[in-house]
Amino acid sequence: MAEGFAANRQWIGPEEAEELLDFDIATQMSEEGPLNPGVNPFRVPGITEKEKQNYCNILQPKLQDLRNEIQEVKLEEGNAGKFRRARFLRYSDERVLSLVHAFIGYCIYLGNRNKLGSLRHDIDIEAPQEECYNNREKGTTDNIKYGRRCCLGTVTLYLILFTGVIVYSQTAGAQVVWRLPPLVVPVEESEIIFWDCWAPEEPACQDFLGAMIHLKAKTNISIREGPTLGNWAREIWATLFKKATRQCRRGRIWKRWNETITGPSGCANNTCYNVSVIVPDYQCYLDRVDTWLQGKINISLCLTGGKMLYNKVTKQLSYCTDPLQIPLINYTFGPNQTCMWNTSQIQDPEIPKCGWWNQMAYYNSCKWEEAKVKFHCQRTQSQPGSWFRAISSWKQRNRWEWRPDFKSKKVKISLPCNSTKNLTFAMRSSGDYGEVTGAWIEFGCHRNKSNLHTEARFRIRCRWNVGSDTSLIDTCGNTPNVSGANPVDCTMYSNKMYNCSLQNGFTMKVDDLIVHFNMTKAVEMYNIAGNWSCTSDLPSSWGYMNCNCTNSSSSYSGTKMACPSNRGILRNWYNPVAGLRQSLEQYQVVKQPDYLLVPEEVMEYKPRRKRAAIHVMLALATVLSIAGAGTGATAIGMVTQYHQVLATHQEAIEKVTGALKINNLRLVTLEHQVLVIGLKVEAMEKFLYTAFAMQELGCNQNQFFCKIPLELWTRYNMTINQTIWNHGNITLGEWYNQTKDLQQKFYEIIMDIEQNNVQGKTGIQQLQKWEDWVRWIGNIPQYLKGLLGGILGIGLGVLLLILCLPTLVDCIRNCIHKILGYTVIAMPEVEGEEIQPQMELRRNGRQCGMSEKEEE
């Protein structure tokens, strides 16, 4: 074949034609590729030998010119060796291709790349020597640049994979801790709860909430017995009472005067004292008595600090109680409150008893009845008084009005009242402090507006049948000679007038103090003088306990009080603290546990058969504990933005719910709907104190499942009984209780690490130093901060645009050209904008051990 080729040197065959056309393209090639991209017809896929011969016949003149151009190259000129350059670029492409195959793991290519795509001839020629290129010939091409990046990325990837394998092997035996699991458990009786009240009509319970949305969800979970909200009834009642009167102490001043108090010897020896007397606006106190203190306002009690309420009746979880009528003063009638029959088990004296210490009567068939009774009162007054000049309206002239004098001793006042039904007060309890003796009843009476009187509401007390012996206790009944009892008739007959009086004060015990509220001035403000009438206005939900009375069959009789009537109600049975406690007994205080130790089997558990899905309802009030529990203001303000928060966190809820994979946890009590109020209840507050400790233990505030390294787990001698899981046949209470000790120990470990962590102390010190350095920023006005920040932001954006725009444009251009199948290069600069008539190809270097003629 070699002899035939030498015999006909003028004819150019397909093989030589293919190389000459490659040279023609390479003469205009730079680092970025050919200037005018062309297609070598001899390299078209699927071309046959016949087609190659036809191309040789057609392109023979062009091929002859290309051969002559190559042969006329002069050695002494410094033109770039285009042909050598093209061969180097071809080899560099193969290097990049080799790196790509190494990156994807296709190592067979590295061994067979020299055999792929090469045409082999069995000819008798000398073996070519290895070619050498200097750095100037090589330059820095795009292939070299991206090849280096590819190599660096490959090494980094394998390093990361190797590190991940090592980390996984080290943490395979780690203990799993579930932070803030979606379940609730009862609180301890020793825990402190933070609460606040809310009532839309009451300023003392409305100044920080605005509108309340009761977050509730139905659930069927079983919670073991724990403390209820009734355990804190006395503390809640005392706080509500202070709230009711706090507004009045900050109100307007009704009267002010100065008085001089003298001592026993007059003003001698500086025993005189000048006292400034300030009487506040009694209108405020009277409003409190008319509305809140007497329970005419519905009040909801809401917990803060991450605690929740579990209603044992409705099986619901919520932050707030249902609206309750909470009278803060003793009353004859009140909200539903039952009494207890077994008096031996009653430890709290405030709880009403259904028996009595000195009576043989037995009350059974007790039931709650609404107060379908009305009281009518008519006030009459003798007429001593005086004429008063008043202006009735701007249309009329001044006129004289008769105003009776109610302060005169000559004035005779009567306030008879009657009931619409018989009321028998069957027993007596220790009600008000300084209680009225005898048979008595009290109620609220409403006076309509008239020409001479304004609309008002008074508290009226009626008393009759007072016992004559004050050393004995007035007792309802007519059995004589009862030890320590003064028998009185406690029946208030219908349509019978009884002498009553306006209650101008009441006495309450707040904390350990007995406080007397004198309402005389407040009553005077409503113009009680004259003749007027009123009708009781008991709330519709109020009533009394009506019982049947049966005398005991005990043979020992005559020394105990028998039934005063066959039916009766319990007089003064409503005690505010006891009533509040009974209303709150149905609300169990629960919380979301901070940690739950989870066996590894739980995370890997696969149910054998399809089970019912566990629906987790997530109501988002995430800042309840952050808002400052117990401070009062804005403690539950997040509830008003519930809908906005729900829309914002909906995507996060779905991701977290999917990540928990609760369907794999076959807890008996968790196969129903469970409510989690807040994804991170108190998480932010706890993280502030346990950040460094949790970091050392392998957790952060954004993780719900944390794998504590086994080394740390064994260092603190913590073990978990893997058998408690029992393949999922465990209740919520059992799981929590069996790991409760470990949870407490885990919390103590966190506190111990936090207090003794050197890194934590160092971090705090560095934070303080940084704060000292940047403290001057706080002295800059706000508008200057905004202006400076805007200028820096714009400048940084322009700088990044200048630096990154060329690279971005080149990247986009290269991607487009790669998709099209070729690469466009830039035209080489030519001085004088004139193209040389003849572009000669020169070698910038020489081939190792080979002359120029031999190379050609």
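Glycine too: its Cβ is placed from the backbone N, Cα and C atoms.
The coiled coil feature in Swiss-Prot is assigned to 643-693 (among others).
Positions annotated as coiled coil by Swiss-Prot: 736-772 (among others).
Summarising the annotation, Swiss-Prot assigns N-linked glycosylation site to Asn220 (among others).
Feature annotation from Swiss-Prot assigns N-linked glycosylation site to Asn269 (among others).
The N-linked glycosylation site annotation in Swiss-Prot covers Asn330 (among others).
Per Swiss-Prot, the feature N-linked glycosylation site maps to Asn342 (among others).
For Asn418 (among others), the entry in Swiss-Prot reads N-linked glycosylation site. On its own chain, Asn418 (N-linked glycosylation site) has Phe375, His376, Ser494, Asn495, Lys496, Met497, Tyr498 as residues at least 6 apart in sequence with a Cβ closer than 8 Å to its own Cβ. Secondary structure at Asn418 (N-linked glycosylation site), taken from DSSP and collapsed to helix, strand or coil, is strand.
Its Cβ taken as reference, Asn422 (N-linked glycosylation site) is surrounded by 15 other Cβ atoms within 10 Å in the chains shown. Residues or ranges marked as N-linked glycosylation site in Swiss-Prot: Asn422 (among others).
Annotated N-linked glycosylation site per Swiss-Prot: Asn448 (among others), in sequence order. When secondary structure is read from DSSP and collapsed to three states, Asn448 (N-linked glycosylation site) falls in the coil class.
Annotated N-linked glycosylation site per Swiss-Prot: Asn518 (among others), in sequence order.
Residues or ranges marked as N-linked glycosylation site in Swiss-Prot (evidence: sequence analysis): Asn551 (among others). Under DSSP, Asn551 (N-linked glycosylation site) is assigned to a strand (E or B) in the three-state scheme. Around Asn551 (N-linked glycosylation site), taking its Cβ as the centre, 15 other Cβ atoms fall within 10 Å, counting all chains.
What Swiss-Prot records for Asn721 (among others) is N-linked glycosylation site.
Residues or ranges marked as N-linked glycosylation site by Swiss-Prot on the basis of sequence analysis: Asn729 (among others).
The feature N-linked glycosylation site is assigned by Swiss-Prot to Asn737 (among others), with sequence analysis given as support.
The region 'Fusion peptide' annotation in Swiss-Prot covers 616-636.
As annotated by Swiss-Prot, region 'Immunosuppression' applies to 662-680.
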Worksheet item: Taking the Cα atoms as reference points, how far is Asn448 (N-linked glycosylation site) from Asn551 (N-linked glycosylation site) in Å?
Response: 45
Worksheet entry | Integer Å distance between the CA atoms belonging to Asn551 (N-linked glycosylation site) and Asn422 (N-linked glycosylation site) | 21
Worksheet item: For Asn448 (N-linked glycosylation site), what is the tally of other C-beta atoms lying within 10 angstroms of its C-beta?
Response: 12
